[in-house]
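As structure tokens, the structure follows; a few thoughts come after it.
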Amino acid sequence: MKIGILSRNQSLYSTSRLIEAAESRGHEVKVIDALRCYMNINSEKPQIHFKGEELVDYDAIIPRIGASVTFYGTAVLRQFEMMGVYPVNESVAITRSRDKLRSMQLLSRKGIGMPITGFASKPDDVKDLLDMVGGAPVVIKLLEGTQGIGVVLAETRKAAESVVEAFMGLKANIMVQEFIKEAGGADIRCFVIGGKVIAAMKRQGAEGEFRSNLHRGGSASLVKLTPEERKTAVAAANIMGLNVAGVDLLRSDRGPLVMEVNSSPGLEGIEKATGKDVAGLIIDFIEKNAATKRTKTRGKG
């Protein structure tokens, strides 16, 4: 098969592992920088050009689109969909999961466990907003944040009010969530492919750090999931419409709570913590599904 990987840097661990896994199975692979693509949008023959050449005859596309290029990256992916190329994750599913508020609303509508969450732009009553989520301590997030950037733990009401007011001054949309103390600064990353959890790791925040992101010095280790955690992770990925997803859970006194559903989960942490060939499993999934062009929206989204 001819597989394209939408990635801005082919030396990144995840991208290079996907290239290696695809080539070892005899596939032709090309890394495509979505920002350098340009499109011919027409009703007869939609086209994508890259480095002066038309991109043709691709069987599948693996989107590894960074958060900062979501808009243009998903537009390029949508164009591939319109050309009949099989997307590992569809453009509409990626945009759905990248919007933190939209994804929380979709998960809550389906009864998925999550921390009590408030959302605000310019609240005229910050005290009431904090009361709504159970008071301090609270976690306050900028809606556009990634890798733990723009996430603050406010341990007292006074600190929480100050942070909310500061974020409002940035004209930023903010999310206020209850702090799950019993999680102990750890979360669980469940890697879902095709409706199954194929690997899971526990990420523990560095000493004195409540954020467990590996980019922030957290550590990863193998973890055994409960049946409920497995079921929750699969349901969250399905609600987003993602074939490949990293679902982040917190262990709470009331069961697993979904923090985030990531449409472009990194492979390095999970492969090193579990010893599993996750890149190979993604290529296996493509082999089973791309031939039949099984995509729900066919570029309609």
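Heads up, the Cβ atoms here are built off N, Cα and C, so glycines get one too.
As given in Swiss-Prot:
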type	residues	note
BINDING	LYS141, GLU178, PHE179, ASP187, ARG211, SER212, ASN213	ATP binding site
BINDING	ASP248, GLU260	Mg(2+) 1 binding site
BINDING	ASP248, GLU260	Mn(2+) 1 binding site
BINDING	GLU260, ASN262	Mn(2+) 2 binding site
BINDING	GLU260, ASN262	Mg(2+) 2 binding site
DOMAIN	104-287	domain 'ATP-grasp'
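All features noted in Swiss-Prot, drawn onto the structure.
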residue : record                : DSSP (3 states)
LYS141  : ATP binding site      : strand
GLU178  : ATP binding site      : strand
ASP187  : ATP binding site      : strand
ASP248  : Mg(2+) 1 binding site : strand
GLU260  : Mg(2+) 1 binding site : strand
Original post:
Relative to the Cα of LYS141 (ATP binding site), which of the binding-site residues ASP248, GLU260, ASN262 has the closest Cα?
Top reply: GLU260
**OP:** Look at the binding-site residues GLU178, ASP187, GLU260 and tell me which residue has the greatest number of other C-beta atoms within 10 angstroms of its C-beta.
**Re:** ASP187
Original post:
C-alpha of ASN262 (Mn(2+) 2 binding site) to C-alpha of PHE179 (ATP binding site): distance in Å?
Top reply: 20
Subject >> GLU260 (Mg(2+) 1 binding site) versus binding-site residues GLU178, PHE179, ASP187 - nearest by Cα >> reply: ASP187
**OP:** State the count of C-beta atoms found within 10 angstroms of the C-beta of PHE179 (ATP binding site), not counting that atom itself.
**Re:** 17
Subject >> Rounded to the nearest Å - Cα separation of ASP248 (Mg(2+) 1 binding site) and GLU178 (ATP binding site) >> reply: 16
**OP:** Mind giving me a neighbour count for ASN262 (Mn(2+) 2 binding site)? Other Cβ atoms within 10 Å of its Cβ, every protein chain shown.
**Re:** 21
